[in-house]
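Everything on this sheet refers to the single structure shown next.
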Amino acid sequence: MSALRTSGPARAGQYLALLAYLVFLAFPFLWLLSTAFKPAPELASLHPTWIPENPTLDNFRQAFDEQPLLRAAANSLLAAVSAAVIAVAVATPLAYVTVRHRGRLAGAATGWVVISQAFPFVLVIIPLFLVLKNLHLINSVAGLVLVYVVWSLPFALWMLMGYARAVPAELEEAAAVDGAGRIRTLVSVTAPLLAPGIVATALFAFVTAWNEFFFALVLLKTPEKQTLPVVLTHFLGAEGVADLGPLAAAAFLATLPSLLVFGLLQRRITGGTLTGAVKS
Amino acid sequence: MRRILALAAALALLLSGCTAGGDGPDDGVVRLRFQSLAWQKESVDANRQLVKEWNAAHPDIQVEYVQGSWDSVHDQLLTSFEGGEAPDIIHDASDDLSDFAYGGRLADLRPLLSERLRADIPARSWETTTFGEGVYGVPFLQEPRVLIANRKILESSGVRVPTPEKPWSWSEFRQITQDLTRTMGSGRYAVAWPLKEPVSVSLNLGVSAGGRLFHRDPDGRVTVDFTASDGIVPGTVHDQVVSDRTAPRTTLGSGGSDTLPGFFAGKYAMVPLGFAYRQQIAQQAPEGFAWTVLPAPAGGEGLAQGVSPQTLSIAEDSPHKKEAARFLDFFLRPANMVRLARGDWMLPTGTAALADPSLHTARDGWATGAAVAEYLRPAPAQSVRGYPEWKDKVATPAFQEYYSGAIDGAELRRRLVEDGNRVLARYQRR
């Protein structure tokens, strides 16, 4: 086996391309950060700067003063965490069973999962609204969580099926030979191997729910229940006019939880992604 | 496993605590939901304060203030109407009401409104919320387009400064932008047109030159025609950008806010903007920056221009329409309308409110706006079924290409009329 060798200039080119890509990815976030700390005259400058000349916290003060950001963030957090936990709790056994017991039903279920991803949400929102109304779940975070779970479940299932497939059945058979029961095998052998996939899937469900806007807008009626993406639109006026400074400050704060969760779970996600990508 | 079960139980308890209750206690108190789209702090404060005053004075009719958003109001209302969960009192713009009005979602306000309110608002404003036989909203705030100008550049150039009594004509405006650009030096322009949404600007300002574009037959059928009058305003803008170079091509795809940095830096002497933009300018302008508000140029119809006022409607499904109408009557009393207008930096439609001295001061250009108010007319597209599709699929790309010089006036006319009538015909088949 011989390792691939790259010449010095080629490696420098690779690093340069990687750096350019990272800058491209980071640009919106850094610009948001810069805008959040700029006073009004700098926001209206014809020659914008990366680093604010007179950094200020006024935009943050104004954002908190004008909108109930903390309450909205708490609502978002509750909805996103609940949706992630429930979606994973439902999708994990489903994915495992679908992978281990291959048959026509499992094939049809997988097909349906793929097809259901093609439905635009505007198609389902009105029937969904009526169903939730009959269940008295309009204007409740519980109703919103239900929607988020249903919405993220197909992709979560699909994702977890990839991870479940990568768990070798031989390991479970070996555990059975050693005398472990079905439950013991699932808990002690299968679950730890699926853990990275579960974490990655939960993160996906969390971020989807955390950023979701339209369902929250339509389903939550009272200000006390509104989530962060809905409250952020209150900084926007008619014809695209925006209260740019406070909007940037609030949007910057809104991105922090996702970044924090990603940062904390990064290692597990990377492991999970690799685990799912390799076929046994 | 025990930990997972405990987590699931905790979650279930948490969610059960989040479930909505019913529609409120059965205590004989009428509860109304008022969805407001006010978004600027002063405006939200004014709205909330008025609701608070109402609630204090009417313990038997309590109004809940709900914050909506301009960005998504149509979709949100559509879903709420379909689901039978619409707010009782709805804040929107008149050009968004037609589908809801024709669809039976909004209450006809004629038997509900007080005589005072009906008499206070001029007939031309009521026209913006009249669909078929009914009136489906109270128009209460409106916003003309004005020219916000850099006072120093304007005065040092020596050009005649227009007033509502003696505005520029469209041809004079073109000439003055040529003179101004010459005095400003290279890389600077007399006017910047932010035309990200070119259709409403073109149509509404076009009213001043007699532009109508939409023509209604006696049988109610609407067709598009593009006469010489319709071409005056678009032609002026096109010439300023393409042949005179008195307006930059780069701002054509911009929104109003995007042009402000260049305006503050003296790159543009004037920017045509909605009246409410004054608030942003007052907040963001650098210290010592002197600005003034000028009336938009006038044509054969004088200072006339089309507007789509902000409106308040009552949902047809609301079980408390009379109480909602009483709240509207309170909310739109002249003094309250002034508070709302000042909060939004817009003009009230009510004649009594418009007469308030605070709306006639020279400061921040209030007087210019108030003087223009009497010339405001319903936007030409008001109540034309199929207008949103005509705007998005035909008119927006056509105007954008025309203003950038990609197509000529004949092609603009062909697209607006031929392609446009095909779209409108689909909505008017019997």
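Backbone N, Cα and C define each Cβ position, glycine as well.
Annotation source TrEMBL lists domain 'ABC transmembrane type-1' at A:73-265.
TrEMBL lists A:12-33 (among others) with the feature transmembrane segment. Counting residues 6+ beyond its ends, the transmembrane segment (A:12-33) has Cβ neighbours under 8 Å at 6, 50, 248, 251-252, 255 in the same chain.
Summarising the annotation, TrEMBL assigns transmembrane segment to A:77-99 (among others). Through the fold, the transmembrane segment (A:77-99) approaches residues 106, 109-110, 141, 144-145, 148-149, 152-153, 156-157, 159-161, 163-165, 186, 190, 194, 198, 201-203, 205-210, 216, 227, 257 of its own chain, all at least 6 residues removed from its boundaries and within a Cβ separation under 8 Å.
Counting residues 6+ beyond its ends, the transmembrane segment (A:111-132) has Cβ neighbours under 8 Å at 138, 143, 146-147, 151, 154-155, 157-158, 214-215, 218-219 in the same chain. As annotated by TrEMBL, transmembrane segment applies to A:111-132 (among others).
Annotation comment: TrEMBL describes A:138-164 (among others) as transmembrane segment.
Residues or ranges marked as transmembrane segment by TrEMBL: A:185-210 (among others).
Residues or ranges marked as transmembrane segment in TrEMBL: A:244-265 (among others). Panel annotation: around the transmembrane segment (A:244-265), residues 29, 32-33, 35-36, 38-40, 43, 58-60, 62-63, 66-67, 69, 73, 76-77, 199, 203, 206-207, 210-211, 228-229, 231-232, 235-236 of the same chain, lying at least six beyond its termini, place a Cβ under 8 Å from a Cβ of the stretch.
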